[in-house]
Amino acid sequence: MEILESIDFIEVLILDNLGAIIIVAVIVGTYLYMNKPPPPPPVFNKPNNKINKEAQKPKKTITKNEDGKKVMKIFFGTQTRTAEDFSRIIEKECKKIGIPCEVVDLESYEHEQELHSESFVMFLVATHGEGDPTDNAKEFYLWLTNDERPTDLLNGVPFTVFGLGNKTYEHYNAVARVIDRRMEELGGKRVFERGEGDDDATLEEDFNRWKKDMWPVVCKFLGYELKSTEDDKFVPRFRMVTLNQDSKDINDPFIKIVSTPLKPKLSTDNKVIYDMKNPYYAEVLENRELHSNESDRSCRHIEFKLGDEVSYTTGDHLGVFPINDSKLVEQLIKRLGVNGDDMIALVPIDQEGSVIKASFGPMTIRRAFSEHLDITNPVRKSVLRALAESTTNEEEKKRLLYLATEEANEEYNKYIKNDFRGVVDLLESFPGLQPLIAHFLEFTPRLPARMYSISSSPHNKNGVVSITSVVVNFTTGNQRAHNGVASTWLSHLKVGDKVPLFVRESHFKLPSAATEQKPVIMVGPGTGLAPFRGFLQELQHRNHSQQQQSLLFFGCRSDTVDYIYREELEQYHQSSVLGDLVVAFSRKTSQKVYVQNKLLEHKEKVWELLNKGAYFYVCGDGRNMSKAVQQALLSIIKEFGSKDDNSAQQFIDDMSSHGRYLQDVWF
């Protein structure tokens, strides 16, 4: 009883003094918190820079569609969109057979998380430059070729590969070959052998032959009945919508068409990266003629203002998106009987809703023809087949379908490729053709960017880049005039015009600062001089003793016609930025002299510099000149190095593998 009374007393005491107790508690708690000892420093595990091979192997789950069927992924790596076009052909044939498929840009694919779980993958990949992956395949390629990937990373993933290359390049289809090899090394299962196409000869035919043999094997592997894919009728993936000023479908004003938003890549410091998919619009600062009035050709020096948004290094390439000739565009508009000012968009056939994202556009038909469609290059066989469906004239249809067959390769090459017949030419030659504009916009290849060797150093003029462009125009065997799309357009640019462009990194570089005492030998006739102009500007900026150990071989027709940048070169020579300047004139006398001849004339000097570890550079025509230069170099190595053919070639191969023999060539 006393205990209970004591408890009651304490309870009353606490209640009567609760406010004071709380205040005291807060004061004490605050004091203890403010005066608590500091916590011990956190303990961090030592970072492991090596790849965790076990962590790379996420749980394997086979990719399936909504119906539970395995999905084929068709990956493309492209610089000119040809590989993407080929992937769409595979997609069309998949649908005919009944195979669920998805075409995927390698740049947007989450390869680390998804590749291990794919049920079947097909790679259609191009090789760009000197054995390099295309811009959109670079990240995937670097990931796949990392030597520390576990050998069972892609265990059992079925795959096949088709490569797009050019046999005139040294590293023919290198990217496709590496991807094919690495997929197998990492545990993938090769279902069908790798195919390779040669863009210098029969790329489209090579692709058609490969897929014809590929389908029976792949269908058997996936468990599908092989159905004929020989029916080459055009199957549209998009429908065209004509829009009003508010981008609403004029046939259904309740539907709004919007462009697909671009998500530009950002650098580590959150700056926008300008590339092929997101070009920078640069202002033209200068556009001047480099040839004399005596020349029957034209070569332009063009400078662009980059500002702080875009950077480059000496030897890089500049990609430029050209615009088709306006007269040709108007001719096409008239021939197809359309209104060039109509605002249109292409949207997926199966896409519905009040707001639809366009796959192409919105834009006017005139702009589509001007900036996006390749209307001048030789027509592909797939386009011939699509055009053939648009005529009621049986003779025209028969002729076009025949030209698209493998049996007609020789005639196709003679009539289409060698004569440079574009789609506008065919529409004029076959008056019965009347393709639907929606189909025409879809099956006509896109106008690719043109790549130019940069002819300046960023240290010469801050925020300025230059290119050197010879204007392409010639007459074919059938006396048909052909003008290069990009070079002609570039030649007409005025100061202040804006040009969509981007920088592409190149391996064509001067020796690094650590090895800059090594001599350099440069061989570049015609516009092959372009990167070497940048090299000389860079050497002048460095201002080191390497200047005395540089040798340039330049070639042109004569000193009064097309000796481009002559004053600059002579000034570099006089100021010792350039050690030796050797010029070959092919039309000055009855005896034609080329850069390879001059190499042999100066063979002692060339060998002396090679013995000092010289870097050897070749830029220009890859079909004839670069091969002739290499033959001259082989001759010098055999003579002064006392080597036979094989060991002389091995000498050059060793230079190449160590980055001392570099080529920047085109065809």
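Here the Cβ of each residue, glycine as well, is placed from N, Cα and C on the backbone.
Taking Cβ-Cβ distances under 8 Å and a sequence gap of 6 or more within the same chain, the neighbours of Leu164 (FMN binding site) are Thr78, Thr82, Ala83, Phe86, Leu124, Val125, Ala126, Thr127, Asn173, Ala176, Gly197, Asp199, Leu203, Phe207. Summarising the annotation, Swiss-Prot assigns FMN binding site to Leu164, Gly165, Asn166, Lys167, Thr168, Tyr169, Glu170, His171, Tyr172, Asn173, Asp199 and lists sequence analysis as the type of evidence.
Counting every protein chain shown, the number of other Cβ atoms lying within 10 Å of the Cβ of Tyr594 (NADP(+) binding site) is 18. DSSP assigns Tyr594 (NADP(+) binding site) to coil in the three-state reduction, outside any helix or strand. What Swiss-Prot records for Arg297, Thr527, Ser586, Arg587, Lys592, Val593, Tyr594, Val595, Gln596 is NADP(+) binding site.
Swiss-Prot lists Thr468, Ser469, Val470, Gly484, Val485, Ala486, Ser487, Trp666 with the feature FAD binding site. Take the CB of Ser469 (FAD binding site) and look out to 10 A: across all protein chains shown you find 25 other CB atoms.
Taken from Swiss-Prot, the feature topological domain 'Lumenal' applies to 1-8.
Per Swiss-Prot, the feature topological domain 'Cytoplasmic' maps to 30-667. For the topological domain 'Cytoplasmic' (30-667), the model gives a mean pLDDT of 90.
Residues or ranges marked as transmembrane segment by Swiss-Prot: 9-29.
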(message) Quick check on the binding-site residues: of Glu170, Asp199, whose CB has the lowest count of neighbouring CB atoms inside 10 Å?
(response) Glu170
(message) Give me the count of other Cβ atoms within 10 A of the Cβ belonging to Trp666 (FAD binding site).
(response) 18
(request) Please state how far apart, in Å and to a whole number, the two most distant Cα atoms are among Thr468, Ser469, Val470, Gly484, Val485, Ala486, Ser487, Trp666, the recorded FAD-binding residues. (result) 16
(request) Sort the binding-site residues Arg297, Thr468, Ala486, Ser586 by C-alpha distance from Asn166 (FMN binding site) and give me just the closest. (result) Ala486
(message) Need the DSSP three-state call for Leu164 (FMN binding site) to compare against my parser.
(response) strand
(message) Restricting to the chain of Thr468 (FAD binding site) and a gap of 6 or more, list residues whose Cβ falls under 8 Å of its Cβ, or answer none.
(response) Leu290, Cys299, Arg300, His301, Ile302, Tyr452, Ser453, Ser455, Thr527, Leu529, Ala530, Arg533, Ile564
(message) Give me the CA-CA distance between Val470 (FAD binding site) and Arg297 (NADP(+) binding site), in Å, as a whole number.
(response) 8
(request) May I ask for the distance between Glu170 (FMN binding site) and Gln596 (NADP(+) binding site), taken between their Cα atoms and rounded to an integer number of Å? (result) 19
(request) Quick one: among the binding-site residues Asn166, Gln596, which has the most Cβ atoms sitting within 10 Å of its own Cβ? (result) Gln596
